[in-house]
C-alpha cells in the first residue's frame, strides 16, 4: 500500500548505476536542494572531515539540503541562522544520495511529501494533481509529492517555519570512533607457474594497501611459505617494491606445496596468519592456486576452532579472525581462466613467441624451410591460436579444437602445399603442448614434422619452452597487473564475511570482479569437456573473442581453398585506404582484410598513398594473396599513407569510386581518417556513390580517435616507450639521485603520457588535460625533494617525469628540466629525453597484430551486411545509388543508411560500430582533435597513489595544516590541482 509520509527530515537513497546517481542529483537540485557535501571513496577515504556520516559501502555520496526559507544576503547566499534578522529557522530537509557497488534494496513505496511556497515553479517539472499538489517521480523511481497546503489550507512562508527557541542550543558532536582499533593486515602471494607482470601486481597491492592505511605482508615461496610461516611472511614497506615494474618473474618466489593440499597444512597456514594478525589474502596464480585459496577460505572458521581446541589460541585471541577474506588475480601465461579476456603474463608470453617466430621466419625463407613451433598451453590453446594469427602460421593445433583422427595429416599437407603454390617460401605450424586429435591421442611436434617431411619440405622443430615465461612484462601486462592489484585491495576493504570471494578480471578495457568459484569451475569444465571428447562445448566455454578469432583464422588461412566463395551476385569490390601518420599494424589489418575478402570471393583494392594519391593519380591496386602474405609483422604502411583528407577533392574521389565500382571502403587511420569518414558521409547528398558502407579502423599511436578507447598502433607505441623508459630509468638509478624528464607524443590527448606514467612508475605526468602552472611545478619540486631526502643512495631510485608534447606552450620539456635543476640546489641532477618517432615502433606488437586481424574481419563483415540490406531491384545503377525514384519521389533502398558510415569502437567491455555522425556531434572535440571523454583519467589517479605522490602530498598538507591550523583539503592528484578546482565547479554545474 502506498502511503503519504509528511515531515521527513532525512532520507537516504541508493543506486548502483552512476548515470542514475547523477540524474537524481540534478533532479533534486531542480527542486531547490543544494549540495552541502560530496564524497568519493576513492579520493576521500582518509579525509576525516568528509568521511563522517558516510556509509561503508558507498562509492560516492552527495548530501543535499533544502534552505528555501532562509534569509539571503545581497549576493543571494544563505545567511547563517545565528546572523539572520528574522530569527526564524526552517525545519530542514536533508537527502543523502549514495552510489553503491552492489545492487541496492528496493526503495520505499511510500510517497514523501515536501512543502513549498513556490508551487508554480515546481509544477513546470511535475504533474499537477490539484491546485495545491504536484506529483513527481525521481530517476530512482521514488514518488515525491510537493504541496503548499496542510489539511486543505494554503500556508505561507511564516507558517512553514517556527520562531527560534533561544533556550535550546542545538549542538551536534561527531566523534570518530575506530570500531576496530587494529589495522587491516593484508598478505599477498604468488603461486603456481610464474608469469611476467606478477611483480607489477605485487607492487600495486603493497603500495595501495599502504596508501589505504593497511599493513601488508608478502608470502614468500607461495603456499609453501604460507605453511612454513616465520621469515616467509615478511612485512613490506613502500621502498621494498621499488623498481619491480620492470622485473620479470616473481621476486617473492613461487612453489607448489604438497603440505597445503592436506588439512593439517592448511591449519598450520591459518595459525601462521593469525600469529601475524592477517585476515585477508590476495592470491596471484592459476586455477589450481585459486581453488586452493577458496578452499582455505571455506575451511577457515573450522580451522580457527580446531586451533582454539588445540590450545594454540584462546577465544579472545581469535575473536577478530573469524573469517578470511580472499581475492584472486589470475597470473598465467596460458590465459586459461574463464570469464576474463586476458590474464597477467599472457600477452608478454605471446610477445616472446612472436619475437622468436619472426626470427625463425628470416632463416626459414632463406632456406625455403618449414618450421614446427611448440608453444605452451596444456589445456588451453590461447597462445597457440593468437600466435598463429600474429605470425601468419599456415596451421595450428590446439586442444579445444581437436584435429580429426587420421585425417589431419592430409589436411595439413593440402594447406601447406597450397600456400607454397601461391608463392610462399616458408611454412610455419604452431603446436600447443596439449594438442590432440578427436580420439584424445596427443599430437606432437615430431609427428607434425614427419608429415611435412613426407611433403618434401626441409622441416625443423623449435620448442620455445620457458623462453615464453622470460623477460620483462609488456605494457599491457604492467597496466593489467597494476589496475587489478589496486582493485583487489579495494575489493578487500569493501567485502563482508558474506561476500563471495571475487576474482579480478578484464573484459576488453574494463576491470571487472567475478565470482572466483564459478570462474574456476567453468575453467575446469574445459578440460572435462576435452576429456569427454565434447570439443564443441570446450571451445564454447572460451570467451567470444577466442571463438571469433578461431573462426577468422580458419577463414583466412586453412579454408582459403575456394570452399567459402560466395555467389557471384554477393561478391564485392572493397577499397582499403591508409590516412594520417603511419602506425604499427596498418599492414597487419590490411593483410587480414585482404585474405578474408579473397577467401569469400571479394576483390580487395588498395588506394595507394592515401586520398591525395587517388586524387592526383587515380592509382588503385587490386591486392593478391602473395602481395600481403608477409605483411603481418611489417611496420609502417606498405600501400602508402599521408595526412591528406577526402575533402581535398570530393568530386575526383567520387569519380574513382564510381569507376572502380566500390561496394565499400575501409579507412585505417587517426583523426585525419576520422575526419575523412565524416566528409565522405556528408558528401552523400552530392555524390550518391558515397552511399556505400564505409568504416574506420582507428589506427594512431596517440589513441585520440573520438568514440573509442583503443587504436591500432597504440600498444606498439607503449611497448616502445616502456623499453625506452626502462633504459632511461636504469641510467637514472645507476647515476643515483637523477631525474629524467621524458617527452612523449600524443598531440592534445594525454593518453600515451598517462599510460606510460602508470606502467613506468613516473613521479609526475603532465598532460594537456591538466594544465601546467607554477603552482603544480612548485609542488612537484617539493615532492622530488621530499622523495630524495629519504633515500640513502640505494639502487632503483631514479625518477621519471613524463610530459606530453602539447602539455604546455610555455613550459617546454627543456624549461621544465631547467626549472627543476635550478630549484634542486644540487640535491639531484636532471636530464631530458625525447624518444620522438621511435614511439611509432618498428615491428607491430602481438596485441596490435591480433586486434588488427579481428577489427579488419569485422569491418569486411560490416560491409557485407550493409550490402545485403540493399533492397534495390536487380539494376546495377539502383544497386550503386542505393535509391531510386518512384513516381518522381526519391526512395532509399537501404534503411537507416546513416548507420552505414561508422567507426569500430572499444568502450569498456563492448566492441561496436558507432555512426560517425553521432560521434562527431556528441563525442568529438574538433578543435583539439580528440574525444570529449577522458577515459584514462583513472590512470593518473592510480599512478599518483603508486608513485607515492599522493602520500607525500598528504603528508605535506598535514604539516601545513598543523602549522597554520587550517582544515585539510581533499586529497587530489598533484598535477591536476588547478584543473581539479575548475573540474569541481564544472561537475557541480552538471547538477545545479
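Even glycines carry a Cβ here, placed using N, Cα and C.
Owing to the predicted nature of the structure, the values given are computational and were not obtained by experimental measurement.
Residues 256, 257, 286, 287, 288, 289 are recorded by Swiss-Prot as ATP binders, and the candidate that the same record lists for that site, out of 193, 197, 377, is 193. Going by what Swiss-Prot states, the beta-D-fructose 6-phosphate 1 site holds 332, 333, 334, 376, 377, 378, 466, 467, 468, 469, and the candidate of 411, 433, 508 recorded there is 433.
Most buried of the binding-site residues 288, 377, 747, judged by other Cβ atoms within 10 Å, is 377. A separation of roughly 40 Å, to the nearest angstrom, links the Cα atoms of residue 831 (beta-D-fructose 2,6-bisphosphate 2 binding site) and residue 193 (ATP binding site).
Cα separation, residue 745 (beta-D-fructose 2,6-bisphosphate 1 binding site) to residue 257 (ATP binding site), rounded: 47 Å. Residue 287 (ATP binding site) carries a helical DSSP state (H, G or I). Remark: secondary structure over the region 'Interdomain linker' (559-572) totals 3 helix, 0 strand, 11 coil, with classes taken from DSSP. Fewest Cβ neighbours within 10 Å among the binding-site residues 287, 334, 433: this applies to 433.
Proximity of residue 332 (beta-D-fructose 6-phosphate 1 binding site) to non-local residues of its own chain (separation of 6 or more, Cβ distance below 8 Å) is seen for 192, 193, 195, 285, 286, 287, 343, 344, 345, 346, given in sequence order. When the Cα of residue 929 (beta-D-fructose 2,6-bisphosphate 1 binding site) is compared against those of the binding-site residues 257, 289, 377, 433, 738, the shortest separation belongs to 738.
Summarising the environment of residue 460 (beta-D-fructose 6-phosphate 2 binding site), the number of other Cβ atoms within 10 Å of its Cβ, over all protein chains shown, is 16.
It is 46 Å from the Cα atom of residue 433 (beta-D-fructose 6-phosphate 1 binding site) to that of residue 738 (beta-D-fructose 2,6-bisphosphate 2 binding site).
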